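If you look up Swiss-Prot, you'll see 4-24, 39-59, 65-85, 102-122, 135-155, 178-198, 201-221, 232-252 marked as transmembrane segment.
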Amino acid sequence: MVKLLLLNLLASIIFYTNIPLPYINGLDFQRVARLVPTVGLIIGGILGLFDGGMNYLGMPVLTRSALVVVLWIFITGGLHLDGAMDTADGLAVGDPERRLEVMADSATGAFGAMSAIAILLLKTSALTEIGEYRWLVLMAACGWGRWGQQVAIACYPYLKATGKGAFHKQAIRSYKDLLPGLCLMFAISGLFWLVNNHHLLISVVVLIAGSAIATLTAAWFNHKLGGHTGDTYGAVVEWTEALFLCVLTILT
């Protein structure tokens, strides 16, 4: 059981990131979405370690935050950011019937470029305003973003029968498949209180804000398109991360 879980986690990391790991024959990539919040926490942990190292070297917070965002893109290979860009291009089309066609086009349009700039600016500026427990904030942001992806998979129809993200529907079929990730994020939210018992309010806000932003972002894209695609899964991740960081600046 433990071996199978570790193999599934390895498959998820290989699928969703550029983290150099040995490839093992026979890995099952059909269920990678089940462990995607855990992958998010791993990504956030790496970003937190990098941020802490740069802080130790005396790097200014703005430069440090910008480098963290650059590393963020590198670790994920821009997978989710590309989806957010394609989604923005599709939503910019007035004709609903042409939106999926535009999203499938690999060429980046003006709205896609603007959405990428907006996401990167929001992440960088928000991180610059967050002074304490940045490692934990990064883990929470990455985790909630990917739990939002699970919400989109579980709760809404997939719009393409043979799309690149269609197989995720076989891994996450119902609301109960969201519970493991939610419990994991509940634990991460509780860490804010454990590291400082005066931060109980922050723990509660992290839990409520993270779950609400993830859920509402997935619902909004479903409202605009009538369902989801692999691109909108990426858009949910990126916008949940960015908006979550923005909300946390209020607490600091």
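Cβ atoms are placed via backbone N, Cα and C, with glycine included.
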Same-chain residues near the transmembrane segment (39-59), Cβ under 8 Å, at least 6 residues beyond its ends:
9, 12-13, 16-17, 19, 65, 67-68, 71-72, 75-76, 134-136, 138-147, 184, 188
Are there residues at least 6 beyond the ends of the transmembrane segment (4-24) whose Cβ is under 8 Å from a Cβ of it, and what are they?
31-36, 38-39, 42-43, 46, 74-77, 79
To the transmembrane segment (178-198), which of 65-85, 102-122, 135-155, 232-252 is linked by the most Cβ pairs under 8 Å?
135-155
Same-chain residue ranges lying at least 6 outside the transmembrane segment (135-155) that approach it to Cβ under 8 Å:
33, 36-37, 39-41, 43-45, 47-49, 51-52, 68, 80, 127, 165, 168-169, 171-175, 177-178, 181-182, 184-185, 188-189, 191-192, 195, 206, 210-211, 213-215, 217-219, 221-222, 228, 232-233, 236-238, 240-241, 244-245, 248
Contacting positions for the transmembrane segment (201-221) when only residues 6+ beyond its ends and CB under 8 Å are counted:
87, 140, 143-145, 147-149, 151-152, 155-156, 182, 185-186, 188-193, 228, 232, 235-236, 239-240, 243-244, 247-248, 251
